Every structure is written in structure tokens, then in C-alpha cells.
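Enquirer: Right, I'll just put the structure down here and ask away after.
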Amino acid sequence: MGLTLIRKGNPSQRNKRASKIALVLAGGAMTGGAFKMGGLKALNDFLVGRGIVDFDIYVGLSAGALLSVPLAAGFSPDEMIRVIDGTSERFEPLRPSDLYTPNVTEIVGRPARLAWELARYGPCLLADFMRGIPGLPSTFHDALGELLRSPDYMHVERMALRLRDKVSPRVSLPAVTEAIPSGFMTNAPVERWVRRNLEKIGVPNDFRAFAAKHDNQLFITACELDTAERVIFGADEHEGLRISEAVQASTALPILYQPARLEGVDYIDGAVRNTANIDVAIDKGADLVICYNPFRPIRNKLLPSEPDSRRIADQGLTGVLNQVFRTLLQSRLRLGLERYRDHKNFEGDIVVIEPKEQDLDFFGLNPLAYRKRDAALRHGYESVRHTVEHRFDELDELLDSHGLRLSRAVAARRAAEIVREREWSDGRERRDSRRARQPLPVHEAP
């Protein structure tokens, strides 16, 4: 698969020039973001005239939020690839320290606070007990009187509870779990990186000013931790945060990062609430939505003729969790797509780009592996290029109805340029070497 097309519009009744086009970018962490950037470069290589940076609406969450800002500001996928490489002259390089800074405040502070609470618990317990002793005889006398008047189990229990409450401590025993940080890293450096670079390239760090300058709409989504509700940042939406802060809110991946506390509100990764937020683009009037979701489960079909085939469970807990989270994210996206397929009021078209379900290479990449970003970038590029080539006529017809033109010749020329510039080996040679080292035999579905 790799490409899903939902066609609801009537091309004969559509004004190509008036079509409103949206780019929706889902999450993906480090390698997912690089994979997505490579895929966007491949798609952009096919486009002639109007490119990815000329769309009308940009919606991003998690890693997609980080990518959507420069794209909406008019910076091409080629420039963003140079950012990933650290060779861009317009942007500062995105360093590991920008992505993986330990949450020292909580890693050190929480255990220290727990140790202090435990150290003072004993003295506080004794003080509370001594404070309650003077009133104990009176409490005992009253409770005993009630028991003698009504000698039953209920009054025995009530007497015990009253005596316990009289001498019980006012402080509670601290829970050991309070020493665990809310996240092992902080993504505050991500916000600072975005803020510095927006200032450097002269792009407003305010949604309304951004929309006025670039004549398009940028939306970033996150999840508010305390209410579990989705928050949409953008002009005419939630404007209480700057663009750089919205990126921080949307990229606060639980467990890895502590929640991003901004203006008194704790935010976590937008993918917790929604996989892609296609509905945001549709609600803003998009006629064509191009969605890129880098995560989908692998189809590791085992054949009876190959009893020694390796299973996902053989990779241990990481392999199982990898498959589980991919399944959860993609199944939620699929449910949303089916809703729009049957929606009476939606008359636009949707293009969803994903890795193939037999894409073992991408499945094996650690989402957090910074050093694997070039491999993810290349794999994303080749994956989307192959998908578009395979379904070129169908995709060309759909995009043409919205005023977008595809060209195989232009894509081939641009592909040769990037292969030469990045010194990539021949695609066939790479596929042969990949087959030789793949850890799981993956078979095409019948």
C-alpha cells in the first residue's frame, strides 16, 4: 500500500485555481521526522510549478509541528534536509543537545524532596501523636459511653476510628513513586531552537503575524494533560502561546519529555489525542488534504513452509511495543479516514502517505536514534518516490484536479541530483544489501 486516496470531490465542478490545499504532518520522533522530511522531498520533486511550500494550510503535531513551521514559512524540503545535516546557512544545526537534554531539575530534585519528606515523617508522626494524647481520655470516655448504650459492632468500630483519628498523624507517608520524574528529558531547548531560528530568518513568532506575512494558515496541536483535551494553536484558534512554545507543547512526548508547562498549563505530545488532525484542515476549508503519517504497523506474515521465521516477539519488549504503538496510531487514523469517506458534508479529497506495511527497514529504526537520521531520510525519500512512481497516473489525475502537476522527468532529474549530492549508492544495490541483512522475513500479503 503506502498510499491511500479518498476521492469525494467532483473534478468537473471544481475551480483548480481556487482549490485550498492542506499539508498535515503527523508525529514520528527523530527518525520519523527525518523519514518524513525525505518523503516530502520526494513528493516535492514530482511537483511542477506549485510546490509543498505553496500550500494554503499547514497542520503539524509532534515532529510534524517542528517541520510544519519552516515549510509554512516558505523554506523548501531541500533546506530542511540541510538543517538535519547541519549544513544550512539559514538555520542553526539541530544538535542532540537540543533534543536530548536531561530533566536534571526533576531527576535530582524529586528524590531529594522524597528523602526530605521521609526524614521529617518520623518526627512529625511523633509530634502529632503527642499532640493528640491530652484529648485522648475525653475521646475515649465519650466513645465508651456510646458503646455501653449500644453495645454492637458498629459502635465498636466507631470507637476505634475516633481513637485512631485522635492520635493519627496529620502528615501522610510520602509515596516512593513521587521520586520518579514526570519525564527523563526536557524539550525546552527545542523551544529555544525554534525561537532563535525564527528570529534569525525574520519570521514572526506569533500565529496572527505569521499568517499575515505568509498568506497561509499554520496550526499546531497538543494535548492538555490535566483535561486530556486537544488544543489547536493558530490564528483564530488558541493564540495564547508563541509558535515556538506551541512546538514545545506539541513535541512533549510522554515519558521521554516532561510535560511542557506553558502559561500555567501542562501540555503533552499532540499524538496522544489525535494521530494526524486531518479534521483541522477540513474545518479550515481544505479541498485537498495531503497527510503524511510515518508510523504504521509491520505485516510480518509467517508461512508454514518457513517454521524458523523470526517473529516480532523475538525482538523482545522493544519490538512488541514498537508494533503496539504503531498499530494504535494507525488504527485511530484509519477510523478517522473512514468517517470522512462516509461524511455527507465533506466533498474534498484526501491523500495519505505512509510507509508500506512490509517496510522492515523503517520498522527497525529506533525513533529516538539521532545518528540514524540520514538513513531515515534516505529511506523516506526512496519509499515515497517508489510509491508515487507505482501509482503515478492515479495520483496525477487527482492532484491535477486541484491544480497540482506531477512530472516523472523532473522527479528523475531531481533524484539524480540528490543521489549525487549525498553520495547515495544505487537503489538496487541498497535493496539487495537490505535483503541480505533483514532480521525478519516479511512476505507480501496474498
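Backbone N, Cα and C define each Cβ position, glycine as well.
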Enquirer: Please find, within the list 60-64, 90-94, 100-104, 300-304, the residue stretch that TrEMBL describes as motif 'GXSXG'.
Expert: 60-64
Enquirer: Cα distance, Ser62 (active site, nucleophile) to Asp269 (active site, proton acceptor), nearest Å?
Expert: 6
Enquirer: What is the Cβ neighbour count of Ser62 (active site, nucleophile) at a 10 Å cut-off, with all protein chains included?
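Expert: If we count other Cβ atoms within 10 Å of Ser62 (active site, nucleophile), we arrive at 28.
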Enquirer: What is the three-state DSSP composition of the motif 'GXSXG' (60-64), stated as helix, strand and coil residue counts?
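Expert: Here the numbers are 2 helix, 2 strand, 1 coil.
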